[in-house]
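Some notes on the structure that comes next.
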Amino acid sequence: MGEPRSRTKKFWRWLKKPLLLGIPIGIVLVVIGLVGFQGVMVASNMNAFCFSCHLKMDTIVQEYKASPHYVSDDKVLATCADCHVPHEFIDKMKVKIAATADIYHMMKGTITKENFEEHRPRLARIVWEDMKASDSGTCRHCHSGENFDLSKQPQRARLNHEMIEQRGETCIDCHAGIAHKRITIE
Ligand code: HEC
Ligand code: HEC
Ligand code: HEC
Ligand code: HEC
């Protein structure tokens, strides 16, 4: 009787050593975390998620709905996340972590429909800088190869696009305001 009990105790003492217990639990948590995180990522990429805050606090959703990438509720050429969330996983994490700051601002009610125009230049600048830094990576994710065939474009577009590389330009240099009210600053 005494033998197995003390063996159990020994086992528990061994298991309770922080390091030995910590490693397997840590691995399990990381695995659960990653699986859960991917799920959150997919759900949060849906327009409905972005709309949930931006409908109340600004005019961004209405502007998007009047833009060329939105055809109807059933036909959307690009979602909010398609343009704003980079495709690489690590970049996604960075964006999501930065988005927790958004949640803080939202709860504080810093931005409202009334004062949005005062905040807009600051926010637009963040987006432009991100897009310039990534060479408009989210745009190019869709507009490349067959989907960006210069020979099939009208002359005006083709002439502008032919020289992009030589001139060191990127999509957002010319297509600012593609989804939202056009603003000029700087
Ligand atoms: C919990 C509310 C909330 C949700 C959900 C939300 N946003 Fe925001 N968003 C905000 C707030 C608040 C700001 C303003 C942050 C600030 O003042 O710096 C903001 C700012 C932005 C900006 C401006 C640039 C920047 O990085 O701050 C972009 C772009 C943006 N959101 C896109 C999105 C997209 C895309 C989604 C869906 C994937 C989304 N938002 C979901 C509240 C939200
Ligand atoms: C999820 C895919 C996707 C993303 C991301 C995307 N687009 Fe598009 N875009 C399309 C499709 C599809 C069309 C319609 C077919 C076409 O013109 O190629 C379109 C059309 C356009 C047009 C023509 C609009 C008009 O007036 O008819 C422009 C300009 C454009 N996109 C620029 C951009 C820019 C700039 C970005 C990045 C800020 C971007 N797109 C991001 C898919 C996308
Ligand atoms: C030097 C400025 C400039 C740059 C840089 C630029 N564009 Fe354009 N783009 C234009 C102009 C001008 C048009 C024609 C618009 C019109 O006629 O209304 C156009 C048209 C388009 C169209 C519509 C083409 C069609 O078939 O009608 C798409 C899509 C587009 N651009 C996407 C992009 C993407 C993606 C990038 C980045 C790879 C980009 N553009 C970079 C100036 C530019
Ligand atoms: C076709 C790509 C595209 C789509 C789709 C798109 N955006 Fe944007 N967004 C941009 C660009 C580019 C900017 C930078 C400012 C500009 O040029 O209009 C921007 C700027 C913003 C800003 C900063 C305020 C401003 O006016 O500049 C917010 C907030 C934002 N987007 C949220 C959203 C949300 C939420 C959605 C979906 C309802 C969305 N965007 C859909 C391309 C897009």
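From the backbone N, Cα and C atoms, a Cβ is placed for every residue, glycine too.
Together with Cys171, Cys174, His175, the heme 4 site in TrEMBL holds one more listed residue from Cys139, Cys142, which is Cys139. According to TrEMBL, Cys50, Cys53 bind heme 1; the candidate from Asp82, Asp91, Asp102, Asp130 that the record adds to this site is Asp102. Same-chain neighbours of the heme 4 site beyond Cys139, Cys171, Cys174, His175, judged by a C-beta within 8 angstroms of the site's C-beta center, are, in sequence order, Ser136, Thr170, Ile172, Asp173, Ala176, Ile178. Counting every protein chain shown, 11 other Cβ atoms lie within 10 Å of the Cβ of Cys174 (heme 4 binding site). In this structure, the CA atom of His175 (heme 4 binding site) is 25 Å away from the CA atom of Asp102 (menaquinol binding site).
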